[in-house]
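What TrEMBL annotates here:
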- A:21-40: transmembrane segment (TRANSMEM)
- A:366-386: transmembrane segment (TRANSMEM)
- A:433-453: transmembrane segment (TRANSMEM)
- A:465-484: transmembrane segment (TRANSMEM)
- A:496-514: transmembrane segment (TRANSMEM)
- A:558-580: transmembrane segment (TRANSMEM)
- A:600-626: transmembrane segment (TRANSMEM)
Amino acid sequence: MALLSSILALRRDARILKLPPYLSALCILVGVVWLLVLPLNEYSRNTYVSENALLPGQVHTYFTGSEHNIFRAYRHEVAALVDKPVQERSQKLGDIFRSSSLKVATQIYEYHASGRNISNQNVYAILQGPRADATEAIVLIAAWTNMAGEINHSGVALVLTLARYFKRWSLWSKDIIFLISGDSTSGPQAWVDAYHDSHSPASIEPLSIKSGALQGAVAVDYPAGPWGHRYDKLHVVYDGVNGQLPNLDLFNTAVSIASGQMGIGCTLQRMWKHDDSYQERLQTMLRGMISQGLGHASGPHSSFIPYHIDAVTLQTVGDGWHDEMSLGRTVESLFRSLNNLLEHLHQSFFFYLLMQANRFVSIGTYLPSAMLIAVNFTITSIALWVQSGRSAPVPNPASISSKSPKPDMTVAKKDGAVTLVPTSSLTIIERRLFLPLAFVGGAHFIGLLPLYIFNNTRQTLLPTAFNSTAIFTILLPLLTAFALSLFHRPTPQETTLIQCLSLLLLGMFLSALATLNFSLSFLIGIFASPLSFIRPIHPPQPNTPSTLTTTNRKAMSAVVSVLLAALNPVVVIRAATFYWGEDIVDVLVQAAEGWHVWGLWTQVVVWLVWWPAWFAGSVVVTAGLFS
Amino acid sequence: MEQQKALLFGLAAAVRLLLFTAFPSLPNLLAGRVEISTPVTSFKRLQEGLFLYTHNVSPYDGGIFHQAPLLLPLFSLLPNPSYHPFATNFLYTIVDLLGANALMQVAETAQSVTPRLFKSTRKDLRWSSIAIGASFLFNPFTVATCIARPTSALTNLFIFLAMAKASQGASITFVLALSFASYLAMHPILLLPPLLLLCYDVRATKSKSAPNPLIFTAVHVFGLATALGVLLYLSALLTGSWEFLAATYGVRLLLPDLTPNVGLWWYFFTEMFDSFREFFLGVFWLHVVSYVGGLTIRLRRQPLFVAATLTGIFAVFSPYPSIADATLYLSLVPLFRHLFPLMRYTFLASSTILYTSFLGPAFYYLWIYAGSGNANFFYAITLVWSLGLSVIVGDSLYAALRDEVDVERPELRGKEVRRI
């Protein structure tokens, strides 16, 4: 009890209020450093396969010899279909599947995003496992075109060959579905949506034949043309939509089969050269985080992951001496492993950061860094709340001239000592919450506007939309601060409360987001971190001595608001696309496609979490210009 | 005043009808959320019962429907909500507006600040009934509840009505409203002691001589028993047997359906060995009920506060709570605006509630959809949610007691509390 009351008494201590900015800064610093030490050997671990049933690489693979001739023949068949209309292509691919005595079906899909019309056709075939009861299935995918838009000649041919080859084995205890999707993102999405009956029937055809619950999916991306191309490494792509990841066991199995059994080197996150140095580990991890944070589909496998189907894409890269048969054997061995599964992959991690093909950190190790960043906002918010309950600062008695009125004093006695304390420092004043609540609510509501505009504008108008949003975003805090100063000048308390509530919400959103998409939460937290340290600059109190900040109040406000404007979401997006040499329109078109097709919600976070927080902070600072 | 009220109600109705019509998939989405729809209040289960009822099968046969039988003829009058949802949506909007109206009547009687036996020193610090009505109607939890259409919205309406009628001293309507609320949800019958005291106090203020307490109690208890008896008998007539008792109140008492919800019971009872089940059911129920006597006696002079606090306790400790119960309590709290300056953890408690109302769905998603979390994630968050609500309950109790101390011993006003 005594402890509790002494803790409560601490609230009145003036030093406590000075602490939070340092505490916030410490949180951010520790959060960033935490991330930077993760690639060290002491903090990351070697990957390992948890699920005993997988037994990666324990079977002999027989995909060799005469299968190679069949593969080459199919590759020419595929090459002959390149310029054919979609219907004819599907017909021909279906015929090849049928000739291997598989059940075949097609699916037409059509999506509309940014005024574009995305339509194509999926072909798929089901191999009924000789030992299976049609309750479980695994999927082998080859998209007709890969993420770069190239025709996936050898990948499609490999799937056709493997379908013929797998059909002859009697050991499958799960059904195997072979899917040739029309493209790499929308096609698999339409198919997997329809497989789970969650498609919109108006534009997407339902699936006419189905199998059991999908246990895993592997996509092959091998765009070598009809005369083949020997590759150097396998690039394992594992990011799902919205930053969800497949079970680490699937990734580990793929890597251990490819590198251990077949001797093919594995790489990830486009790190073509990786000699396991600290810098390269860190770079791989950061690339992984950015990809996860953006949450975009990174391959045909991405659409499966939201349905809790673990999936990876195997992509061939470089010039080397591995041929299509070693890729085929890798897939064969991988399917033999998946075939062993007794239950859904659940043993290993779902949240991890990879820094090399066989090195990772798990959520327990890395989550604190994003949480610390999110907590810094909450700390500042609590500090501002306490501050808003205090009355105006009491001037230092030494600096008051004798003319100025004496503040009310209260006699305080404690442990026999008597002192005079200004009354105002003892009372908690009522907080006027209406304007701050309405303002913060309104800021989040305005965020809906760009969200709606960017998701529903035609492609040709997107540059205009982006530029006008940029201008609007930069001018809006100025206009708002000006309008507020005209109609209802916020008191210092209300300004503090606006910032307090806005940071409280930001901290809340980011900590909730950290559990779903760590990287996005971390990145936005870093970009928003200055919002913890800005303070409104109020006109000086009548009898306080003037300091540097109060005399150059307007100049200071202007400088801070310009600095803050450089960190606004629109500017950051523009700068990021410039840095990576992307076209802003392409990014926006992708994002709109993501919204309408893949169920991407990164833009919700940007416009309804980050943007309103930045706006509120900016208005708080800009208000100094008009006070 | 009347104009403001019309504007408020019009705006609230517009928001609800707009949400219903602009997002046609929203009602079904929210109706499926475990935070809003519990096994005993869910609109989807009501539809199931309704289907069986209109096809002349006993609605309780499927083992899905656990709600009061008299709801069935009411909802069977409305057109099928899958094709013509407007009538149902309109009904729920009206239910919210009537609830707000009752809440505003409670506010206007000023029973929260100046009951018969107690004059708070801060009695001038209160919000207008419009502000209190708005805090109920525009609470996001209320709106979400209305859109999800659980039958707990009706229970809330009858609890508000019972409070309003008790604080106006209208005995008959008070007893009727309380009997309806208890008939629908069972636990509101525990509100009888404080509300009876409230009704008694108001009647004593209004008439010159206070009525005899024993006769007053006997008459009201008898009235309540009669009203409940009639409702139960009608239900038995309607369904043709008394089996509905086991399917409705039996389920609430014995917790056979362990669907997750925001409360504390389901997780305990999924983990529990069967041999301990009866014992812990007894303990859990005894715990809920024990608050009634203690609070009513200790805070005899502020009966409305006791009733409001009990709704908060139900929102935390009852077997199938949802955010509909929380919204009932949170909308009663603004009646006690005069206690706010004495409360110490408002920021902590409201931040906790805010954080959990976002983390809860996130963790539920991780558990059920992403498959990367487990039941402990969601349960941990419901624990924190309950903690937030119980901090408000505890803090407001502290404030009410402190308020009483301030009246009794004015010399202690503004001093730090310590044990004497």
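Every residue number used here counts from 1 along the chain in the order it is shown.
Using N, Cα and C of the backbone, Cβ positions are placed for all residues, glycine too.
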Study note, to complete from the structure: Among A:21-40, A:366-386, A:433-453, A:496-514, the most Cβ pairs under 8 Å with the transmembrane segment (A:600-626) come from A:433-453
Check your understanding: To the transmembrane segment (A:465-484), which of A:366-386, A:433-453, A:496-514 is linked by the most Cβ pairs under 8 Å?
Key -> A:433-453
Exercise for review: Could you pull out which residues elsewhere in the chain have a CB under 8 Å from any CB of the transmembrane segment (A:496-514), counting only those six or more residues past its ends?
Suggested key: 367, 370-371, 373-378, 380-381, 384-385, 387-388, 431-433, 435-437, 439-440, 443-444, 490, 520-522, 524-525, 528, 531-532, 534, 536, 605, 609, 612-613, 616-617, 619-620
Check your understanding: By a Cβ-Cβ criterion of under 8 Å, what residues six or more beyond either terminus of the transmembrane segment (A:433-453) are in contact with it?
Key -> 465, 469, 476, 488, 490, 494, 497-498, 500-502, 505, 603-604, 607-608, 611-612, 615-616, 619
Point to revise | Chain residues in Cβ proximity to the transmembrane segment (A:366-386) (below 8 Å; excluding those fewer than six residues from its ends, i.e. six or more beyond) | key: 11, 16-17, 19-21, 23-25, 27-28, 30-32, 34-35, 38, 351, 353, 496-497, 499-501, 503-504, 506-508, 510-511, 514-515, 518, 521-522, 525-526, 528-529, 531-533
